[in-house]
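Colleague: Quick one: the structure is below, and I'll ask about it shortly.
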Amino acid sequence: MDKEYVGFAALPNQLHRKSVKKGFDFTLMVAGESGLGKSTLINSLFLTNLYEDRQVPDASARTAQTLTIERRGVEIEEGGIKVKLTLVDTPGFGDSVDCSDCWLPVVRFIEEQFEQYLRDESGLNRKNIQDSRVHCCLYFISPFGRGLRPLDVAFLRAVHEKVNIIPVIGKADALMPRETQALKQKIRDQLKEEEINIYQFPECDSDEDEEFKKQNEEMKENIPFAVVGSCEVVRDGTRPVRGRRYSWGTVEVENPHHCDFLNLRRMLVQTHLQDLKEVTHDLLYEGYRARCLQSLARPGARDRASRSKLSRQSATEIPLPMLPLADTEKLIREKDEELRRMQEMLEKMQAQMQQSQAQGEQSDVL
């Protein structure tokens, strides 16, 4: 063996083995009005049927229903790599006659996941924290409008500092190519005008592969992604393809000349899944955590925290309900105080043991 070789070059292999053994968690939210192909696209992206048991309400029922939050989980294994995918769906969004504040349940859900993670992170058992935070939100935009509607703007403005947003134009096969490009530019202009932050692709390093750089730039330019979903295999001439057949021809889901499906799947699965998780933790979650800590510094925050109805016993022995931010900080302080008392007790016990041992040695000498 080369005497100059230490072995640090094998560190990436260690990390790879550890990551493969542990597996990966990813939480994806889909939002947007009904009828834009959200369910079909998700099934197409992950080649699974997550909506097998869903019952589709009729038009009258949709206009009367309120927004609900549904979570569905599935484990996907490919090439020995396991991914635990959690899909957060928002049926009923934008379907009511009065859509005022219909986005608030989504905002609360995202914040509740941050709050749960903050409590778990501040607890005693930090090794087995379940990360239920939303790492990405696919927001579906209608191809039949002239850009973002007021409801779209209100929703995106409410969540853009809490989750990675990827705008998607659903059922893009309803548009001609020039119409698609015009709609994309209109949406980009509106996002800039409304100062809405969407997911920003990281800049490539100088030593990155040229093919990856090209793909990264292509994905940036294609935002918002114009997509078509289909799990049906049709024949286009002599070859089978996944797509949709119309009287005027066939739309191929995985043909980059027909839609942006491949770019969306490449970004979500192959190239940027880990970056979406890192941005969620390092930027979005840390921003939420900083706001929690700042709330303690405001006048009256201590008084508001003291009015919490949750006892210490319920805080440590039973699952916690979702609490206001000030109450969450009270629980954190209580846990810190409890840890400090336990440390003091341990130090006293050690001092008593040392004193007893010293007295025993002294009596032996006498």
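Yeah, the Cβs are placed from backbone N, Cα and C, and that goes for glycine too.
Quantities reported herein were computed from a predicted structural model and do not represent experimental measurements.
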Colleague: Quick one: which of 32-39, 48-55, 232-239, 240-247 does Swiss-Prot have down as region 'G1 motif'?
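Modeller: That would be 32-39, the stretch labelled region 'G1 motif' in Swiss-Prot.
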Colleague: For which of S206, S311 does Swiss-Prot record the feature phosphoserine?
Modeller: S206
Colleague: Which stretch, out of 89-92, 125-128, 221-224, 333-336, is listed as region 'G3 motif' by Swiss-Prot?
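Modeller: Region 'G3 motif', as annotated by Swiss-Prot, spans 89-92.
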Colleague: With Swiss-Prot open, pick whichever of T40, T68, T250 is annotated phosphothreonine.
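Modeller: The residue tagged phosphothreonine by Swiss-Prot is T250.
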Colleague: Between 118-121, 170-173, 314-317, which stretch does Swiss-Prot give the note region 'G4 motif'?
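Modeller: Residues 170-173 are the ones Swiss-Prot records as region 'G4 motif'.
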Colleague: Could you check what DSSP calls M176 (GTP binding site) once collapsed to helix, strand or coil?
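Modeller: Looking at the DSSP assignment, M176 (GTP binding site) belongs to neither helix nor strand, so coil.
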Colleague: When the Cα-Cα distance from G32 (GTP binding site) is computed for each of the modified residues S206, S247, T250, which gives the smallest value?
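Modeller: Going through S206, S247, T250 one by one, the closest to G32 (GTP binding site) is T250.
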Colleague: Just to verify a number: CA distance, T250 (phosphothreonine) to D173 (GTP binding site), in angstrom, no decimals.
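Modeller: It is 10 Å, counting Cα to Cα.
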Colleague: Counting other Cβ atoms within 10 Å of each Cβ, which of the binding-site residues D173, E179 scores lowest?
Modeller: E179
Colleague: How long is the line from the C-alpha of E179 (GTP binding site) to the C-alpha of S247 (phosphoserine), rounded to the nearest angstrom?
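Modeller: With the alpha carbons as reference points, the distance is 20 Å.
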Colleague: What is the number of residues in the region 'G3 motif' (89-92) that are helix, strand and coil, as DSSP sees it?
Modeller: 0 helix, 1 strand, 3 coil
